[in-house]
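Engineer: Can you keep this structure in mind? I'll have questions shortly.
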Amino acid sequence: MSFKSQSIGIIGAPFSKGQPRGGVEEGPTALRKAGLLEKLKEQECDVKDYGDLCFADVPNDTPFQIVKNPRSVGKANQQLADVVAEIKKNGRTSLVLGGDHSMAIGSISGHARVHPDLCVIWVDAHTDINTPLTTTTGNLHGQPVSFLLKELKEKIPEVPGLSWVTPCLSAKDIVYIGLRDVDPAEHYILKTLGIKYFSMIEVDKLGIGKVMEEAFSYLLGRKKRPIHLSFDVDGLDPFFTPATGTPVHGGLSYREGIYITEEIYKTGLLSGLDIMEVNPSLGKTPEEVTRTVNTAVALVLACFGVAREGNHKPIDYLKPPK
């Protein structure tokens, strides 16, 4: 594979209040400790580290109906959106280290401020498209897409802390891969809006190669545009990423996950990346934590050109002997 260096802006989003399980705020630290930045630099990437966001406690963050921590989630996402927009204005690919998946609201909103024509590939066991009125858990990490879709604008009530969010995606701008745990209301939304998805049924039937071909044809067929990849590590089977909050059996294999990211790299269009829901507290053993973190790191590296076939710099390695 040919070698092209890229400039990346990394921002940690150590946030956990979009869901009930502590520990996911440790995700960014775990990914950094695993040498992610050094490995990207080895790949000749120009890496600028924007550090980790600090999230102040929001007092009196009472539920909105059953939606939990709405002001905390809203404020954290506003902070993240501002930094992602800055990274994009500087011409870098944004890399968000989560943190729970509610932070995709800020990541994609900030990205869309600078590249309003972006499209989204969402790799996840779940659609995360419940609205504040359809959610059965009240956890905002199961709702980010509903806040981002223009077609759902009229279905979203005024949630305290989230009134700043302006929907920036149309239903035709997103493709899901890896779905296998979809609520009835979410399935209704997918079908009613005609959202393109490849559940594990389609992955099994078509194979991951055809899935990626069809996803690119659907999103990029008419016009090449920036890709935002939002990757929840629970998209992979829990064998590969056990340390995560909502694991679902029968997921993507390690190889399928890496293939997705390799193919996105090859388009040359990756403009924003989220790697979400790594929760070091939820590994049953230290090895499970290491396995999850190392898998997440490998997914990120493949997005930036680390290829299983190998690669090389554009130099002549076969100079004749002197």
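Just so you know, glycine gets a Cβ as well, placed from its N, Cα and C.
Note that the structure is a prediction, hence the values are computed from the model and not measured.
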Engineer: Swiss-Prot has H101, D124, D128 binding Mn(2+) 1. Which one of D232, D237, D274 is in the same site?
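Structural biologist: Checking D232, D237, D274 against Swiss-Prot: the Mn(2+) 1 site match is D232.
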Engineer: If I go by Swiss-Prot, which of D82, D183, D204 binds substrate at the same site as H126, T127, D128, I129, N130, T137, G138, N139, T246, E277?
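Structural biologist: Of D82, D183, D204, D183 joins H126, T127, D128, I129, N130, T137, G138, N139, T246, E277 in the substrate site that Swiss-Prot records.
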Engineer: Excluding near sequence neighbours, so keeping only residues 6 or more apart in the same chain, what lies with its CB under 8 A of D234 (Mn(2+) 2 binding site)?
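Structural biologist: In sequence order, D124, A125, H126, T241, T244, G245, T246, P247, V248, G251, E277 meet the Cβ cut-off.
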Engineer: Would you kindly give the Cα-Cα distance separating D128 (Mn(2+) 1 binding site) and S217 (phosphoserine), rounded to the nearest Å?
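Structural biologist: D128 (Mn(2+) 1 binding site) has its Cα 24 Å from the Cα of S217 (phosphoserine).
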Engineer: Give me the non-local Cβ neighbours of K75 (N6-succinyllysine): same chain, 6+ apart in sequence, Cβ-Cβ under 8 Å, ordered along the sequence.
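Structural biologist: Set apart from K75 (N6-succinyllysine) by at least 6 residues yet with Cβ under 8 Å, we have F55, A56, V58, G161.
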Engineer: Count the other Cβ atoms sitting within 10 Å of the Cβ of S217 (phosphoserine), across every protein chain shown.
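Structural biologist: If we count other Cβ atoms within 10 Å of S217 (phosphoserine), we arrive at 10.
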Engineer: Cβ within 8 Å of the Mn(2+) 1 site centroid (H101, D124, D128, D232 excluded): which residues?
Structural biologist: A104, W122, A125, H126, T127, H141, P144, S230, D234, G235, M276, E277
Engineer: Where among the recorded positions S72, N130, S163 do you find the Cβ with the fewest other Cβ atoms within 10 Å?
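Structural biologist: Per-residue Cβ counts within 10 Å for the recorded positions S72, N130, S163 bottom out at S163.
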Engineer: What whole-number value in Å do you get for the largest C-alpha pair distance within H126, T127, D128, I129, N130, T137, G138, N139, D183, T246, E277, the residues recorded as binding substrate?
Structural biologist: 19
